[in-house]
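Annotation source TrEMBL lists active site, proton acceptor at E310. TrEMBL lists Y397 with the feature active site, proton donor. If you look up TrEMBL, you'll see Q128, C129, Q130, P280, Y281, G282, G283, M284, E285, R566, M567, K568 marked as peptide binding site. TrEMBL lists H309, H313, E332 with the feature Zn(2+) binding site. Residues or ranges marked as domain 'Peptidase M1 leukotriene A4 hydrolase/aminopeptidase C-terminal' by TrEMBL: 473-612.
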Amino acid sequence: MAPIDPHSFTESSHPLTTHVALSLYLDFNTSIIHGSALLSLSSAFSGNLSLDSRCISIDTILDPQTLERLPFSVSAEPDRIRGTEVVVVLSGQSSVLVVYSTSPSASALQWLSPLQTFSKTHPYVYTQCQAIHARSIFPCQDTPAARIRYDVVMNIPTSLSAVMSARHVRRRLPVPEEAKHLEAGSLGSSLWSAEDRVVEEFVMEQPIPPYLFAFAVGALGFREVGPRTRVYAESAAVEVLDAAALEFAGTEEMIKQGEKLFGDYEWERFDLLVLPPSFPYGGMENPRMVFLTPTVIKGDASGAQVVAHELAHSWTGNLITNINNEHFWLNEGFTTYAERRIVEVVQGADIATLNIGIGWKGLNDEMERFKDNLECTKLKNNQEGVDPDDVYSQVPYEKGFQFVFRIERQVGRTAFDDFLKKYIATFKFKSIDTDTFLEFLKANIPGIEKEINLQLWTEGVGIPEDAYEPVSNIYTKIISLAKEFKQGKMPSEDEVAEWSGQEWELYLENLPKTCEPSQITALDKRYRLAESKDYEVKVSFLQLAISSKCSEYHGEVEKTLKQVGRMKYLRPLFTALAQSGGNEEKQLAKQVFEEARETYHPIAQGVVESILSKYI
C-alpha cells in the first residue's frame, strides 16, 4: 500500500477509475451542484477504496447493480492540501454510485452573479480543475494517473447553455426518472423536471486526466472561425466575440502545422471559450474546449500565442500526461517547446526567438524567487506536503523547454522531430513519469546520456551551463537598449517604431528591478506604457513603477487588480506592493484584495492570501 500521487489519497493497490457518469443539477440560487457520480473501476475490488473530495457533502453511496447502500466513512479533519478522504468498503464491486452535493466554496467553481457578467442579467459558472480541484466537483481519484472517459447529464436553467471539454450530444427536456438517484440526496424529481429547466448531454470518449474535466454555463454565443473551431463568449459580449474571432482567425492554420510536426490531431474539435476576466490563468488546455482569459485578446493576433500553447497541449499534456505534479515539466516543458515550433512556422523565427528570450528572463527571475527553496528549481521535484498552486512557476515551462531544446540541439532538428513523433505515438493516452521518458530517450537516441547530463537536467537545481540564451539581432538590440536605460538613456521613437507588445515586454523585463522615479515617469510620458492594452506590457511597467516608489501609479495598479483575475498579473503586482517596504503600498495591497476578493477565482484568492500573509 503506497500513494501513487502526493496530492491524492489513491493507493497503488487500488483499481483506477476508467469511466465516470455524472448527473448534475446546477442550482444558481445556492451556488451548489446536486449530483450523482457513477465511477467504473478497471477491475472488481474488495476492501477499502479511497476517493478524493473537497468540501463535498455525501448523501449516500450505492452499489449500482443492487442499489444497496455501501458502507463509507469520511475523514474527520480535511488534509490541508488533499482535502477529505472518502473511504468506501467494497465487496467485489467494480463500480460505485456516489450521491452528493458540492459546496458554494468549491475550489474548482466560480459562480458569478448577473452583475459580475457582461450581460448583467444572467448568472455564469465555470470550472478550473488543474491541478487538484476536480475533487471539489465530484468525488474521484483526482490524480492524472487515473485517466477517465466520462459522460454528463447536466440540468440547467432554460435561459442558459453549457459547453464542456467533451462532445455535445443534445439539448432536451428533463425526464423525471433521471432524478431517482438524486432523490436519495436533497433533490426531488419536481425540481429536476421544472418548466424552467433543460438538460444538456455530453460525452468524452477519449481517456483524460481528471484535471481536464471542464464546463461553463451561461448565456453563451459563438462565432465560427474555422472548420474545427468556434470561439465562444457571453452572447451579450458582442465586442469580445468579434475581437476574439479576429484574434484567433489563424487557428486552423496552427492546427495544421501542429499535425505536420506532431501527428494527427486526436480530439476532433478545437473550440475556444473566452471567459470572464476573473479566470485565473492565461489559458487552460481542456480538450475540445480551451478556456481563455479575455486578456489574451490584444487586437494584433499576438494573443494567438497563448492559443498555440494550449493547442500544443493537445499532443503534449493531454495525449501524454505527467503521472503526477512532481513531473509537471513533462506537460509544460514539451508544450512550451511545441508552442514555439508552431509559432516559428506561423509567425516567423524572430517572434519565436523573442518568446524564448522572454522565457529566459522569466526562468532567471524564478531562480531568484526560489533561492531559498531550491527543490522548486528542479524539473523532477518532491512535492510531498506541498500545494501545487503554491509552487506554480515558470520553471517546468522554461527549464523544461530548455531541456527539450538541448536534446534537439544535440541530435539535430530532423532526428529530433522523428523522435518526438515516435514519443507521442508510443505514449498517447498514457500518464508517465520522468524516468519513463528518460528510458525511452536513451533507447531511441543511443548514447545521448554521454552527450547530455540527463540527471543534472532533471534532478539538479538551478540552470545548467549548457542551457541556451537566445541569439538574434532583435533580441540582442532590445537587451542592449535595456542596458542603456540603466545609464539614463531612453530608447528613441525610431528604435521602438516597429515594436509590438512582446518587444516591450522583453525590454521592461530586462530593466533594473528599481529605477529613479523620474526615469519611470519620463518613459511612460513618452510611450504611455501604463495605459497599454497589452496586459503583459502594462503589468511589467506597473511592477517596475511600484518597486521604484512611483506612487502616482497606485491608481492604475488598483484599477488593474480590480479588472483582471489572471494570476500571472495578480501575483507580481500584489508581491511588489507587499514587498515594497512602504506602509502605503502594503495598505493598498490589503485594501484592494479586500474589495476585489469576491471577483477572483478561489484558486487566485488562495494565492493572493499566501502572498499577503508572507509579506504583511
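Each residue's number is its place along the chain shown, starting with 1.
A Cβ is built for glycine as well, from the same backbone N, Cα and C atoms used for every other residue.
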Binding-site residues clustered about E285 (peptide binding site) [Cα within 10 Å; pool: H309, H313, E332]: H309, H313
Q128, Q130, Y281, M567 filtered to the binding-site residues whose C-alpha is within 10 Å of the residue listed as 'active site, proton acceptor': none
Recorded positions near H309 (Zn(2+) binding site) (Cα-Cα within 10 Å), from Q130, Y281, G283, Y397: G283
By Cα-Cα distance, the member of binding-site residues Q128, Q130, Y281, G283, M567 nearest H313 (Zn(2+) binding site): G283
Those residues of the chain, 6+ apart, with a Cβ under 8 Å from that of Q130 (peptide binding site): Y211, L212, M284
Per-residue pLDDT averaged over the domain 'Peptidase M1 leukotriene A4 hydrolase/aminopeptidase C-terminal' (473-612), given as an integer: 95
Nonlocal neighbours by CB distance (under 8 Å) for M567 (peptide binding site), same chain, sequence gap 6 or more: P280, Y281, Y392, I603, A604, V607
Rounded Cα separation (Å) that holds between Q128 (peptide binding site) and the residue listed as 'active site, proton donor': 19
Spatial separation of E332 (Zn(2+) binding site) from Y397 (active site, proton donor) - C-alpha basis, Å: 5
Nonlocal residues around E332 (Zn(2+) binding site), in sequence order (Cβ under 8 Å, 6 or more apart): G317, P396, Y397, G400
